[in-house]
Every structure is written in structure tokens, then in C-alpha cells.
Amino acid sequence: MGSLANNIMVVGAVLAALVVGGSCGPPKVPPGPNITTNYNGKWLTARATWYGQPNGAGAPDNGGACGIKNVNLPPYSGMTACGNVPIFKDGKGCGSCYEVRCKEKPECSGNPVTVFITDMNYEPIAPYHFDLSGKAFGSLAKPGLNDKLRHCGIMDVEFRRVRCKYPAGQKIVFHIEKGCNPNYVAVLVKFVADDGDIVLMEIQDKLSAEWKPMKLSWGAIWRMDTAKALKGPFSIRLTSESGKKVIAKDIIPANWRPDAVYTSNVQFY
């Protein structure tokens, strides 16, 4: 009987230790305030990590939580990052641009590089956290020390929001998502200059002069669900975070189809 009691006490102690041990680990750091379009040039502090291939664009499919694909190609060219909550902002931070620089490591160049937010990270390691593509992280290094800097894995950096700049002639592009039909239209927007991100997308079809607000579906994808079928061509009106508006007139043609890409003739300049 005594042996049974001792065994029960031992098991209880082990379970208690497991419970306590399960709560150990790095403390969770609450996110900072959302980053806005206050381009005042002030540098803030953040933690930086990297993911994917050493010289890659991050996500293995060259995409991410914004829904934008082929970020390894120009104009993103692999200079991408996952932003934490106050940077990604539930998708409304998709496409925004930041300068990032590092100084604390001897391998750091101290020169800023510009990255595009195309993905989301959930690691609560700092109020602001950039999980950079391998290429972007290595770009913070002095010439020839890219790999050595990447071996650091995690480091403190400084960052500030900047206006997005694209090559001359680059216009805003719209992608009609797979599975769309006249009652369900989902549109991804990319290559947005200036603020880089969109806070409102509205659609106008051929049957009405009314601008209908679309819902943010996820990432940089906005959708319209309607009982009454929409009829093309469609015009799209975009509102940027700082309140600027542009209209892509009849950007989606009458014979539109899912999984099609349409390049507009407008841009935020």
C-alpha cells in the first residue's frame, strides 16, 4: 500500500514538472502599434530572421500570405519579407515597402535595403519582426559576407516605412482568381506604387453606375459576392492607405475569365 502511495506521488510530481516545463521558453512579446503612412524618416527597432533558400525569395512557392506569386522575379526580385501583425495588418499591409538596415554585427554594411511585404509571420519575438527572404537578409551584409551574416540567424535591425517605387512604366496589375464566376469575383492587386497597399477596392459593372465596395478576402485579394450576376466590363477603383484614389476604367473585359491577368494603365504617382 505504501509502495502504491509512493508511486502515485512520483507520478504526480512528474506530471507537475511536465506542466511547468510546458510553460517554459522565450516570453511572448506583444506586437507594437500598426505602422502607418507617416513617412517621417524615423528609424524604429525590430528583430530580423530569414527563411527559405539562402539566395531565394522566402516561400518555397515564391508566393506567401498575400497571394502574390513569382516574387522571385522582377519587380520584386526576391527582396521580400514576412511582416508581423502591425506590419502585415491582416493583409492590408501587403505590398507596402520598408527600408531595413543592420549595424550590430561586424558583417553588417549599415546600408539600408528596400523590401516588399508579401507574407505574414506569427512569431511573437519582438514588437516588430521581419522574417526576410534569404536574399534580402544577405543583402544587409558587406560585400562577400552575405553567407556569414545569414549564419547569425536572428539579429536586431532598424527599419522605416518608405514609398514603394517601381520601374518606369510599371502599372497596377489585377489577377482574377481561379473559381470566379459572375456571382463571385475575386481580384488580386499587385505592383502598387507609393503607399504600396490598398485599404479599399470597389467595383463597377456595366449594369450600374454605382461603385460597390469589395471585401478583403485574404492577403491582397478582394472579393465581391452577389446574388445578381455582374456583367463586364468592370472598372476598379482603388483607395490607398493615405486616401489617394485611382480608377482602372473597364480593366476587366466583358469576356473575362478566371485565372487571367489584366494590366491597367494607372498607377499611384
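Each residue, glycine too, has its Cβ placed from N, Cα and C.
Annotation source Swiss-Prot lists signal peptide at 1-24.
Sequence annotations record features per position, and here Swiss-Prot assigns N-linked glycosylation site to ASN34. Sequence-distant neighbours of ASN34 (N-linked glycosylation site): residues of the same chain at least 6 apart with a C-beta under 8 Å from its C-beta are PRO86, LYS89.
Swiss-Prot lists 63-169 with the feature domain 'Expansin-like EG45'.
The annotation disulfide bond is assigned in Swiss-Prot to CYS66-CYS94 (among others). Counting only same-chain residues at least 6 apart in sequence, those with a Cβ under 8 Å from the Cβ of CYS66 (disulfide bond) are GLY91, CYS94, GLY95, ILE117, THR118, ASP119, MET120, GLY219, ALA220.
When secondary structure is read from DSSP and collapsed to three states, CYS97 (disulfide bond) falls in the strand class. For CYS97-CYS164 (among others), the entry in Swiss-Prot reads disulfide bond.
Of all the Cβ atoms in the protein chains shown, 23 others lie within 10 Å of the Cβ of CYS102 (disulfide bond). If you look up Swiss-Prot, you'll see CYS102-CYS108 (among others) marked as disulfide bond.
Annotation comment: Swiss-Prot describes 183-264 as domain 'Expansin-like CBD', evidence class sequence analysis. Per-class residue totals from DSSP over the domain 'Expansin-like CBD' (183-264), listed helix then strand then coil: 0 helix, 44 strand, 38 coil.
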Which residue, of the disulfide-bonded residues CYS94, CYS97, CYS108, CYS164, has its CB surrounded by the fewest other CB atoms within 10 A? CYS108
Nearest-integer angstrom distance between the alpha carbons (Cα) of CYS97 (disulfide bond) and CYS108 (disulfide bond): 21
Give the distance between the Cα atoms of CYS164 (disulfide bond) and CYS102 (disulfide bond), rounded to the nearest whole Å. 21
Three-state composition of the domain 'Expansin-like EG45' (63-169), taking helix and strand from DSSP: 17 helix, 33 strand, 57 coil
